[in-house]
Amino acid sequence: MGLSTYVGIFLLCILTLSRCKSGKEEYGTVIGIDLGTTYSCVGVFKNGRVEIIANDQGNRITPSYVAFSGDGERLIGDAAKNQLTSNPKNTLFDAKRLIGRDYHDKDVQGDIKRYPFKVINKNNKPYMKVQVGSEEKGFAPEEVSAMVLSKMKEIAEAYLGTEVTHAVVTVPAYFNDAQRQATKDAGAIAGLTVLRIINEPTAAAIAYGLEKKDTEKNILVFDLGGGTFDVSLLTIDNGVFEVVATSGDTHLGGEDFDQRLIDYFVKLYKKKEGKDITKDDRAVQKLRREVEKAKRTLSTEHSTMIEIDNLFEGKDFSEPLTRARFEELNNDLFRSTLKPVMKVMEDSGLKKEDIDDIVLVGGSTRIPKIQQLVKEFFNGKEPIRGINPDEAVAYGAAVQAGVISGVEDTGDIVLLDVCPLTMGIETVGGVMTKLIPRNTVIPTKKSQIFSTAADNQPTVTIQVFEGERPMTKDNHFLGKFDLTGIPPAPRGLPQIEVTFEIDVNGILRVSAEDKGTGKKSNIVINKETNRITPEEIERMIQDAEKFSDQDKQVKERVEVRNDLESLAYSIKNQVKDKEKMGGKLSDDEIKTIEDAADEAIKWMENNPQAETSDYKKQKANLESVVQPIVSKLYEGAAPPPPTESTPKEEL
């Protein structure tokens, strides 16, 4: 690697940094989060090994779904996904497919057509619009991702019994700068300091390679999830994980395979019944739920039935689906996964026989046809089977989190990642002048001297792009800034040094200096149209805290209501029991208690949206009637037990 190509490459020897006890910042327990398109997963390095943490439903993966019920209650994870078919317009998902993108991006526009919720344009960003209680509210994808991250944080805290404030979060290797920045912003909104953003295939390689650090191997990681696809080629040598090449598609995954099935059955229904079910969001979401189940079934079976009660206008739906039909409908998408594989092989300069192991990651790699295509491409080589495709990324993130926080027993791990796209600036004629080629190891720094294009030019505009095309118009614009106050001089004479610096998270800082005057200007690329402002982040943090408070209030209201309901029915049942309390009270006393209990029950039926304080007041009223009567039974005996939220049988 010549000095002219890469200047100042700093290898990320995180082990050395983390083991340096003097001056090491204390982060507490650092968690690793795989923030997925369809499912997310959280892990922690503890007691010498990784623990993948189950949620409150006992599931080790949590749906990346957020929903708002009719009374404004917020649901996240399993609870949100479970009510998708009954509340489609207020159930948000796929934030990862929208995060860091322009509203007018063709992929975004394609997705909007199939979402049951509204997506609106706000400052050229896609905002997800739902009904929250009595008002409509738009959420940035960062906010929705933050809600999912806050759920993962909550899951970890419940398991660890302590507050968690720092995390390592994974992103697709092919995420661009704006998408990485937006993911960090989501962490901040969720109350997490994201210490490191690492690429998903790299995390998976750590999970795979943790036990195989003594041998040098070339590993190809094929990561096909719910919404994104990455291929990375790494070398592992004595605990050093070096990414050699990476490629992929940030808009390809299991959801696209589901959509092909939905389109197929929609056409089939229209042909048989003459009706278009796409006009009914609930029908489409019912179909989506069932085709996703069928897709999973077809990974182990050759055929299945799609059966839906009351799909559309009261009619049931029942159709067979074979694995062969599923493969035929998705044949082009399945085959398109091999293009990035070819790309990384070409970029790395390795032959197929040089690959020691193929690691399949992501739920979509369970599809037999995908496994077959990968195996055939590598001349019959079997992929590694001993790794859980759903948990591998979170596992690797947890190991990296352990390394950063200085946990013992993580071993001598060094992670050398790469930037996925070429970075450069626009020069005269719209030419893309490359400063940092793709697949350069990060962190890295590169400088180059430029000059003015006209005599006495007082200002130069530095326009920053990422991409592989020779002209900037075909690449992805990141941002621009001006260097002003250049003294009058003939064109070509001033020396303007432009420096690109990429940090360990793959985030770019560009600076320019007039070598004659020492005047400087710089930009941390945040693509104003694609990234939320610090003020917006602060507002979203406050909103997140407000929602957290609201969640607590809703939970308290439900608990107090349940207490009142339980008390009322329990008292009614006890006074009816002649063998127990009912046999010790007079008819008038029984009637007084029953009337009070009935009044409380009727009040609850008439006031379903009552506040917590109202329920407490009603409970106090009921207790004030019951307690004096019941107390008489205990005169001269031990005092009665207090009336609890769940009344004992002998009041």
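Backbone N, Cα and C define each Cβ position, glycine as well.
Taken straight from Swiss-Prot:
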SIGNAL    1-20  signal peptide
BINDING   36-39, LYS96, 226-228, 292-299, 363-366  ATP binding site
REGION    399-499  region 'Substrate-binding (SBD)'
MOTIF     648-651  motif 'Prevents secretion from ER'
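Here the features listed in Swiss-Prot are painted onto the structure.
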| residue | record | Cβ within 10 Å |
| --- | --- | --- |
| GLY36 | ATP binding site | 27 |
| TYR39 | ATP binding site | 23 |
| GLY227 | ATP binding site | 25 |
| LYS293 | ATP binding site | 12 |
| ARG296 | ATP binding site | 15 |
| SER299 | ATP binding site | 17 |
| THR365 | ATP binding site | 21 |
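Mapped onto three states, the DSSP output places GLY227 (ATP binding site) in coil. Reduced to three states, the DSSP call for GLY36 (ATP binding site) is coil. Broken down with DSSP, the region 'Substrate-binding (SBD)' (399-499) shows 9 helix, 45 strand, 47 coil. For the recorded site, THR365 (ATP binding site), the DSSP three-state label reads helix. Summed and averaged per residue, pLDDT over the region 'Substrate-binding (SBD)' (399-499) gives 85.
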